[in-house]
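Taken from TrEMBL as is:
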- 388-408: region 'Disordered' (REGION)
- 36-56: transmembrane segment (TRANSMEM)
- 77-97: transmembrane segment (TRANSMEM)
- 103-123: transmembrane segment (TRANSMEM)
- 135-154: transmembrane segment (TRANSMEM)
- 174-196: transmembrane segment (TRANSMEM)
- 203-231: transmembrane segment (TRANSMEM)
- 243-265: transmembrane segment (TRANSMEM)
- 277-296: transmembrane segment (TRANSMEM)
- 302-322: transmembrane segment (TRANSMEM)
Amino acid sequence: MEGGNSPSLQLQQLPLATAAVSVQPHTDSFSYKENLIGALLAIFGHLVSSIALNLQKYSHIRLAGSKDPRAYFRTKTWWSGFLLLLLGELAVFSSYAFAPLSLIVPLSAVSVVASAIIGIIFIKEKWKPKEFLRRYVLSFVGCGLAVVGTYLLVTFGPNSHEKMTAENITRHLVSWPFLLYMLVEIIVFCLLLYFYKERNANYIVIILLLVALLGSMTVVTVKAVAGMILVSMQGTLQLDSPIFYIMLVCMAATAVYQATFLAQASQLYDSAQISSIGYILSTTAAISAGATFYLDFMGEDVLHICMFALGCLIAFLGVFLITRNRKKPVPFEPYISMDAMPGMQNMHDKGIAVQPDLKASFSYGALENNDSMPEIYTPATLPIVQEQHGPKGVSAPPYRVLEHSKKE
């Protein structure tokens, strides 16, 4: 009986198995198509944003080097960059609605690569071929590594796809992994903020860690808002749910505070360091938040996770090499230091120069040598002649200033 029934059971299960096999490739193909749409939107947005920022920078530089009295916001170049920037940010915002968070965030390396290429193409100096290759070899290697890392990210990115409905977002928001993650993040954020504000620990890692922790919450809320808007456009209204406005307010608040800490970091450190370290820390924090809140890597095999991590590391290295090759700006000191004035000595140097004379294009203080200068440029001096004190009871000035003619 048992042996006779097994063929019929196999015949009954055959159509079900065939149906299951036919559905699974379609699902994988659909998820990969969504990943590809989101990745292309993110790459396009970062490229356009990089071009827009360089256009605005070019507008400021051109106005500064000309006698044009117009303000920067009255030029067509600046407005073109502004409109392109809005287009790029809109594309990046839309990409979060299609692809997982852990896939979109690392693709911001594209903007660093684009800025490096634009800077090399529109460079003003004339270099010899050997000097050019030696000067920009790190940038070329960094761009190549960033492209390889981006390819690995897109190929082996997570395939977790679910509709961003209010019910799903609320369920993720009260899940114990995310609550534990939020507790740890709040404790770390408060400790870093205490050391930064109370202990004056103005280290770049501390400031950019604050930015990264805020940025991880920003991208979580951005994906929620963008996904709910997409679901609403597809026919299921989600904009009447309170969770949508909670996510919208959190997105705006974290973005504002993130920009504040970034502005403070830019006043203390070089932009190249901020770009490289900030990209690494922000990407790591955002991937951790996406894996905890949206469960991006749930069901992924070990090979895909390892290749995705390898792509992130290669992209990190590429961004580091690109930013390492940037020229560091020469800081300008707006105050006058008496020890730094050329040709001047103070009471502590004993005839030895305290600081070498500045050889920059600007100078301040006393002239180093007035003998070779025309008479009209020589500084005027007022001779001070000591005078004896008068008799007792008669007050006399301790010194007097004698006027002298030009011949004297």
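Here the Cβ of each residue, glycine as well, is placed from N, Cα and C on the backbone.
Against the transmembrane segment (302-322), stretch 103-123 has more CB pairs under 8 A than any other of 77-97, 103-123, 203-231, 277-296. Contact check: the transmembrane segment (174-196) against the transmembrane segment (36-56) gives fewer than three Cβ pairs closer than 8 Å, residues 6 or more apart, which falls short of the contact criterion. Sequence-distant contacts of the transmembrane segment (77-97) (same chain, six or more residues past either end, CB-CB distance under 8 Å): 37-39, 41-42, 44-56, 58-60, 62, 104, 164, 219, 222-223, 226-227, 229-230.
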